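Peer 1: Sharing a structure, written as structure tokens. Questions coming.
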Amino acid sequence: MTTATGPATGTYAPKPGAAPLPRMIAAQAVLETKMLLRNGEQLLLTVVIPTLLLVLFSSVDIVDTGAGKSVDFLTPGILALAVMSTAFTGQAIATGFERRYGVLKRLASSPLPRWGLMTAKTASVLVTEVLQVILLTAIAFSLGWSPHGGPLAVLLLLVLGTAAFSGLGLLMAGTLRAEATLAAANLVFLLLLVGGGVIVPLDKFPAGARGVLELLPVSALSDGLRAVLQHGAAMPWGDCGILAVWAVVGLAAAGKFFRWE
Amino acid sequence: MRSEPVVQVQALVKRYGTKTAVDGLDLVAQAGVTAVLGPNGAGKTTTVETCEGYRRPDSGTVRVLGLDPVRQSRELRPRIGVMLQSGGVYSGARADEMLRHVAKLHAHPLDVDALIERLGLGSCGRTGYRRLSGGQQQRLALAMAVVGRPELVFLDEPTAGLDPQARRATWDLVRDLRADGVSVILTTHYMEEAEQLADDVAIIDAGRVIAQGSPEELCRGGAENTLRFTGRPGLDIGSLLKALPADCTAAELTPGAYRVAGKVDPQLLATVTSWCAQHGVMPDRISVERHTLEDVFLELTGKELRS
């Protein structure tokens with residue numbers, strides 16, 4: 001054998017170094033988004049179900065959505081559902097399986113820092129949400145939707161909602177087994193779809209239950225979006241407050257309990 | 001030229017609950033290829049994963065390229081390449097996609113296409129990770145470990161379960177890495193792999209290093225080696241012994257079958273054949289038996305390695 005420490009000139013001669021941080025995070029965000037858009041189950045959750053619910057319940061009078069056009073009631077709820085499907089359900093399931101398949105472990109020994117990976121995940125969630133909002137609002141407009149209110153309040157609600165759902169999704173993905181996360185995330189999605197004021201108005205529930213349901217993140221998000229988009233309210237501070245509390249608690253718990261492998 | 005060790009582990013202890021996986025392990029690996037050899041459950045993976053920064057030692061110190069793998073991880077990570085025992089790839093990713101991605105995380109990566117070609121992964125570039133064969137998945141993991149042009153590569157059982165052809169491809173790459181100045185720490189439970197590739201072998205059992213040295217040193221240090229030949233019966237053993245070095249023994253096992261035991265080297269072989277020449281003996285079927293690492297391991301631990 002030749003000596004191991006000769007002059008380093010060959011193909012594999014060491015030349016280590018991390019790529020610039022913004023480039024690493026951008027590359028990671030692009031890959032995460034590609035994985036998400038390529039996954040059929042994820043698309044069912046983030047695109048197909050919200051679209052179907054919006055079209056179905058706007059055109060067929062199944063649920064009494066109160067006074068006014070049903071699309072005006074439904075669209076804010078469906079936007080809240082879209083945020084939940086991506087930031088919570090989709091992110092929890094994807095991250096749970098990444099943990100299970102050693103992807104998080106492998107990336108942890110790459111030059112990309114952990115916070116960089118989390119930033120990329122958030123960016124990928126935001127990109128997906130933008131696509132969802134574009135698609136769903138286009139469909140809503142075609143169904144005769146007439147929104148009110150300012151875009152700033154809507155944006156703040158969407159960002160707070162994303163933070164709250166991401167914290168809860170990552171907490172689940174980082175503590176449960178991947179299969180348990182898959183089951184639980186889907187179950188929670190279904191329960192919150194029904195009981196979170198997304199398509200069924202919360203005043204249909206008994207007063208006692210309603211008081212609790214109103215504190216759920218999806219209820220706060222759909223209620224806040226509805227206050228702005230349907231009723232033209234300025235800034236629904238109460239709903240923002242509920243979402244902010246969920247965001248702080250969820251992200252802090254995820255930060256504390258998340259296990260990488 | 002010997003620079004500072006690439007890995008220095010001192011009195012490492014790592015427990016999982018009540019089970020002690022690594023029990024006061026000391027290991028120094030110099031530049032080159034170091035094989036960490038041991039049966040399943042000996043503590044190989046725990047030791048390597050502590051070096052990679054995945055596990056915090058319960059006690060003891062670990063330095064990799066002079067750095068603390070936990071506290072100086074940010075500095076260390078770009079300089080090392082890691083091949084996990086399994087997994088590490090998005091289940092929805094295509095083989096080339098993940099490799100290209102890891103390349104993008106480094107400043108001066110290897111040419112990805114050339115690396116894919118080199119490892120025979122060209123045919124499965126667009127195939128999804130889940131549909132790759134076990135051997136292809138392992139070669140992809142190997143490619144991911146080297147693509148960032150690291151100074152030091154950790155390979156955790158890189159050829160476990162590979163067919164002979166894929167194993168040779170992996171061995172060839174390890175030899176090329178070494179020739180180009182990349183240091184390699186590899187765990188294995190294949191004796192042959194350690195003998196073929198390693199400059200230095202550390203044998204681990206029950207969480208400790210029980211022997212370390214070059215494959216030759218380890219084989220020499222074990223039981224005596226032997227030289228056997230056949231000739232006409234009744235040769236003068238006393239005369240043969242006088243010709244041999246003092247620490248050798250010689251015996252006629254059965255009429256005409258002779259055995260010389262001791263440090264078997266070219267000099268000893270020459271001594272025996274020239275003694276035969278002087279005494280008009282034609283040594284038929286002369287054979288040299290040197291101990292393999294497997295013998296050494298069995299002797300040290302009394303355990304089967306390849307089980």
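Even glycines carry a Cβ here, placed using N, Cα and C.
Annotations for this protein, taken from TrEMBL, read as follows:
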{"type": "DOMAIN", "residues": "A:37-261", "note": "domain 'ABC transmembrane type-2'"}
{"type": "TRANSMEM", "residues": "A:43-62", "note": "transmembrane segment"}
{"type": "TRANSMEM", "residues": "A:74-97", "note": "transmembrane segment"}
{"type": "TRANSMEM", "residues": "A:123-146", "note": "transmembrane segment"}
{"type": "TRANSMEM", "residues": "A:152-173", "note": "transmembrane segment"}
{"type": "TRANSMEM", "residues": "A:180-200", "note": "transmembrane segment"}
{"type": "TRANSMEM", "residues": "A:234-258", "note": "transmembrane segment"}
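Help me picture these features in the structure, burial and contacts included.
Peer 2: Non-local neighbours of the transmembrane segment (A:152-173) in the same chain are 79-80, 83-84, 87-96, 99, 121-122, 125-126, 129, 133, 181, 184-185, 217-218, 220-221, 224-225, 228-229, 233-236, 239-240, 243-244, 246-247, 249-254, 257-258; each lies 6+ residues outside the stretch with a CB under 8 Å from one of its CB atoms.
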Peer 1: In terms of Cβ proximity under 8 Å, which residues at least six beyond the ends of the transmembrane segment (A:234-258) contact it?
Peer 2: 149-150, 153, 156-157, 160-161, 163-168, 170-171, 173-175, 215, 217, 220-221, 223-224, 227-228
Peer 1: Counting only residues 6+ away from its ends, which parts of the chain sit with a Cβ under 8 Å from the transmembrane segment (A:43-62)?
Peer 2: 36-37, 70-71, 74-75, 78, 81-82, 85-86, 89-90, 128, 132, 135-136, 139-140, 143, 189, 193, 198-199
